[in-house]
Structures are given as C-alpha cells and as structure tokens.
Amino acid sequence: MAGRSMQAARCPTDELSLSNCAVVSEKDYQSGQHVIVRTSPNHKYIFTLRTHPSVVPGSVAFSLPQRKWAGLSIGQEIEVALYSFDKAKQCIGTMTIEIDFLQKKNIDSNPYDTDKMAAEFIQQFNNQAFSVGQQLVFSFNDKLFGLLVKDIEAMDPSILKGEPASGKRQKIEVGLVVGNSQVAFEKAENSSLNLIGKAKTKENRQSIINPDWNFEKMGIGGLDKEFSDIFRRAFASRVFPPEIVEQMGCKHVKGILLYGPPGCGKTLLARQIGKMLNAREPKVVNGPEILNKYVGESEANIRKLFADAEEEQRRLGANSGLHIIIFDEIDAICKQRGSMAGSTGVHDTVVNQLLSKIDGVEQLNNILVIGMTNRPDLIDEALLRPGRLEVKMEIGLPDEKGRLQILHIHTARMRGHQLLSADVDIKELAVETKNFSGAELEGLVRAAQSTAMNRHIKASTKVEVDMEKAESLQVTRGDFLASLENDIKPAFGTNQEDYASYIMNGIIKWGDPVTRVLDDGELLVQQTKNSDRTPLVSVLLEGPPHSGKTALAAKIAEESNFPFIKICSPDKMIGFSETAKCQAMKKIFDDAYKSQLSCVVVDDIERLLDYVPIGPRFSNLVLQALLVLLKKAPPQGRKLLIIGTTSRKDVLQEMEMLNAFSTTIHVPNIATGEQLLEALELLGNFKDKERTTIAQQVKGKKVWIGIKKLLMLIEMSLQMDPEYRVRKFLALLREEGASPLDFD
C-alpha cells in the first residue's frame, strides 16, 4: 500500500503514552496495525497503532520518548505506510533492554524482580513492534522506568515450525513481541537500580583479582597455605557474578583477623591483599589513631571509615565495589568491654560502634575489614563471631620451605645484579635459620650486606670507601654465617647463652647412671619428634643437691637441636610477685607453642614455688599455674618437651606434682670410690701419681658426693702447692661428709 502524508501530533493522554503505540484516528487506521513512518528518505521507524477519538484525522500522535527517538517535532510532515511483519523471520526470540528510573527524584534502593518485570512487559506490549535503539516508558509497581532497546534476536525458525530447536538465532533490527519472547533487562550505566531475578543480563564486571600478581612480586613468602585459606574464605564468593551469589543466598565474608608473633608478615599480607585486588586503595588505620580526646570523636572516626562504603551501597546495591579497611594493632581499640578502668567507657563505645558498622541493623555487603594483632586474647569476643571478623588466621613462624621463599625474595635483587657470591646456598641458610620470623630473615640479609660492605671501607683516619674493591663487592656465605652467629638471634629461637652457663664444664660421664640419664633423655627427645600420639612429653630429673641435674637437663635440651629452647629458672624471677611469676612462666610456654618443636627446662621447681621446710611455706598460685602448664597440650601440629629438675621429690609428691610429669628419672650422686676415680681421670686435674694416692684411700669404699660439689673441692685443693694437693683434697672430702673413712 502506498504511503500517505500526515502530521505529527502530541499524545492525547498519559495512559496512551505508556502504551508505546502511535495514536491515530479510527477514520485513518485500525488498532493493532503496524505502520512505517518516514521522517526523511533515509530515516524510517516502525510503530504499532492505537486509535483514539480525540486525534484529528490526518495526524499521528506520538509520546515524548517516541518523538525523541524518531527526532520528530509537533506539526512535522511525515510519510506513513502500513507495514506487515514476516512471522517466520521477525518474531522476537530474545530482546535485551537497558533500564533505569525515568526520573532521578524517584530513585530508591528497593530490589526489583526482573522475572516479574519481564512477564509484565510481555503482557503490556504483546504483538507490538520494537526496533533496536527505540526508547519507551514502562510502568511497573507504580514506578516509571525509561527503557532503551539494545539488542534483538529473532526466534529460532525451527520452533515456529513445531520442530526441535536448531540453535540458530539471527540478530534483527526490527521485530514483533509474541507471547513466548524472552526479555532480559540490563541496568543502565551508573544507575543505582537494584535488579534481582534471572531475567537480567550478566553484567560485564571487572575481575576482582588483579591479573598480573604473583607472590614473589608481592614480596610475600612462606604464607601460601594461609593466603589460599584467606582467598577461599574471603574472596572466592566475590569472584562469582552477583546473580549467582544472589541465587545461592550467599553472604560475603566481611572480616579477617590476622594474628601471630611479631615480624611474621601480618601487616605485609594485609597491605598486599589491597594490591592483589582490583579494588580501590584500602584504608589503612593504626588502631590508636582512632582514639580522640574529644567526646564522641573516636566513634565518629569509625563512622567516617565506613561512610564511602555506605554511600556506594545505597547508590549501586549489589554491584558496589569492594571497600577494604585495614586495622593495624586492632587490640588497641577492641579490648574486651568492661575490662578498662575508669568511668568514661570510651573503649567500650568504640567497640560498640565498630560492631554495629560491620554487622548491624543496616548491613553492608561491600566491605572487608582486616584486623591485625599479636594479642588475640585481648579482643572482644563479639567482634570474632561469624558475620564480623569470622576468618581467624594465624600467621605463624615460617617453616623451612617458607624461609627458603623469604630468603629468595630478599636476595633476588642482589642475585639479579650478580652481587651474591656463588658459594651462598639459600637452602643451607633456610635450614640453619630455624624459628626465624620473616622480619628476622630480612634483618639477617641486611646484616650480611653490611658485613660485606664493611670489608671495602678503608681503615684510616677518615671513613672512605675503597672504590677499586667496591666494584667487586659480593656478599658471601661467610657474611651470612657471621651474621647468623653474631648479629641476628630469633626471638622464638634458642639463645645459647641461656643454657651454655649450665654446661660450661661439660658433662662428666663418671659411670652408668649418667649415661643412662642421657640415653633416656635422647629417647624422650625422639619420642617428642616422631610420635603423633604424644605431642607433649614431660620428664622430671630428681636427685640430691649438686648431682648435676640442671647440667644434664641443659645437655639433653642442647642435644635435641630443637629450634626453640628456653630455661624457666628462678634466678630470672628474683623479687617477682606471685602473679608476675605466673605471667613470666605463661609467656615462656606461650612462646613455645608458636614453634613447631620446643623444649622448656623448668629448673629448680621447689625454688620457683618459694618452698621452705620451716612452716612449711610455698606459693599455691605458682603451683597451680605450673600444674596447668605442665599438663596443657600444645596446639595442633606443635610438639613440646618439658624437662623439670628438683632436689625435693618428696615435697613434689605431697603437692601431687609428680603425676603431672610423664616420667621421672633419678640422678644419683657419686656413690663408690671407683666412680670418684673415673670422674677424677676424666677431669684430668690430678697427675697419675696423685690419682694413685687417692685411689689407695677410696678404692672399694663407699662415698657420697655430687659432681658439682666434687668440682668445687678439686678446684679448691688445686690452689695449694703440688705436694699438699692430695692431702687437702682428701681432707675436704672428709669434711664434706663425702666418706665415713678417715683419710691419712
């Protein structure tokens, strides 16, 4: 049918504006017909018609979105002709529509179900023409939305013939909505509309994970397992598209607590998580910075941290970006409520504010709070429940593989510039640096570098660098070993000075009893290392005073080669109150729990307990603390050997402490003349002739003297002239009551 010239007019009613139809007089066309409107030779638009009595014959009424789309002005001459659809090729299979609120003043954050929207759309616009780029108004739930047709795919022709789907779908510019057309809604860019349901497009989202990161570039070593656990718990759900997360009813993890000894990489890990993610820069806050001297300001500082996340959640809903807030030393502001003295309760209100912001009445789903502390026991328990800081990750001392990674990272630049000598074996250093934290390993590398640099400084009146030699500067294996020996000692390691003083005279194996003690000690060390059933092994060395119990305990500890060895000795607690003693003992054991293999020597237990026979008197508080610590098993995967020493087995028996030890080993005094002579021979202080004289007096006789006391008597007699030494020694032996005999 040939076209006719008509005039564009304004749509007569608001209701007809929402119909997406062009409105004509019933004298011109019938309702339901489709027309092609030409505004110029190259511009044509297809509309579905409705009739209304108020429209003047010879004119076509268009709504504002239609006039905007077609570029029409009121009164403009247009050419109108009937248009018929080819039902085999132009039925709409799938149509993608961009949607936003029509007016900005009507914006809200309520979720809109796209499945219901799609059903309403098909009902309102069934059998109507749609073109790519077309604009229209859509009414749903008493709200007006502006729509823009983005994409149209024709229905599979096989379905129209009643055959199985062939999978062929063709993109078309113009199509007809039918009852089984599919509509997918896509949120307009920067829109705050919150769409839910399945009838929405999968949004092109930027991946949350930065594509070009790796552990070595991040400078993190030895934390592979911890990092993968954090990723699984905190980020896996954020990698998936929001629609899948929504269908699962899944809520993202909002908080992580990293805890562990100082220098093990908590702050480093949190800092690098921000770089790993394609999120905005994390807000890093030191705990004490939150506190303010003015009333209410501390709480306001907490609110400011969350303000950006709240505003974006209101605007973008589920598509809000991730906001990371990092609290360093979180124990400064999140102590147990009610634990602080004073009437102000500032700390309590700060904790309350933080609790309500992370998981309160208005829930935020676009935040990740990372807290760090080396005192997790101080933190309020409400902060650690699921929904708040629910992922609790211990960042402990690195194992050998971890130390290898850390040393590799810290020597990478030297290796790249050929400043690391070929004789440096990183694997050897990783083995030697047991119980070193990441910070201590970095310090070791720094110390080795300074040792190497020091070689090239001229020793003259002025400090000068020998530039000729400096060109050939290299850090050698010797530099690392020297730094290991002299400069850097691990905080949770073995301080040799600790136990070296106890065995400065060596171990004198004067007889089978000493050998048996050392052999049994070695068995207990092997049991601690190898047994999975007994992670806690404790042994009590008991015997008379001066029999060498402490030296044997220190020797067993040294021979164990455990990475952590500590001696809990009364000489380090002189003047301590009972509470201070308990705290000091608890700290030693807590430090031991942080190491994979640990040995604690509890020396002179009756002195630790302040025991005196007159009264009798002892500290019950220290006794109970020690009993608990002796029986407490170390954490999963950690092993602990406890060696106790006492001269008063009978007292510990009455205090019911003997049962707290796995086993008891008796350390006797020297009891026979033969054992005494063996000890003298091993010590080598007396000449053969002198020893023969002593042998004549003691051989076959009973004696009773501790090895420590024997050493004292020998050293005292050696101060005499050579001809009087033996006589003096025998006299001292008699005076000490070591033998009932009268020596000549």
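Cβ atoms are placed via backbone N, Cα and C, with glycine included.
Over in Swiss-Prot, the protein carries these features:
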- Lys105: N6-acetyllysine (MOD_RES)
- Ser207: phosphoserine (MOD_RES)
- Tyr259: phosphotyrosine (MOD_RES)
- Asn505, Gly506, Ile507, Ile508, Lys509, Trp510, Pro545, His546, Ser547, Gly548, Lys549, Thr550, Ala551, Leu552: ATP binding site (BINDING)
- Thr550: Mg(2+) binding site (BINDING)
- Ser569: phosphoserine (MOD_RES)
So how many other Cβ atoms are close to Thr550 (Mg(2+) binding site), meaning within 10 Å of its Cβ? 22
Could you tell me which three-state DSSP class Ser547 (ATP binding site) falls into? coil
For each of the recorded positions (Lys105, Lys509, Lys549), count the other CB atoms lying within 10 A of its CB, then report the residue with the highest count. Lys549
Among Asn505, Gly506, Ile507, Ile508, Lys509, Trp510, Pro545, His546, Ser547, Gly548, Lys549, Thr550, Ala551, Leu552, recorded ATP binders, what is the largest CA to CA distance in Å? 18
When the recorded positions Asn505, Ser547, Ser569 are compared by other Cβ atoms within 10 Å, fewest goes to Asn505
Under a three-state reduction of DSSP output, how is Tyr259 (phosphotyrosine) classified: helix, strand, or coil? strand
Students should find that the Cα atoms of Lys549 (ATP binding site) and Ser569 (phosphoserine) sit apart, in Å rounded to an integer, by 13
Which of the modified residues Lys105, Tyr259, Ser569 has its Cα closest in space to the Cα of Ala551 (ATP binding site)? Ser569
Consider the modified residues Lys105, Tyr259, Ser569 and say which one has the Cα lying nearest the Cα of Ile507 (ATP binding site). Ser569
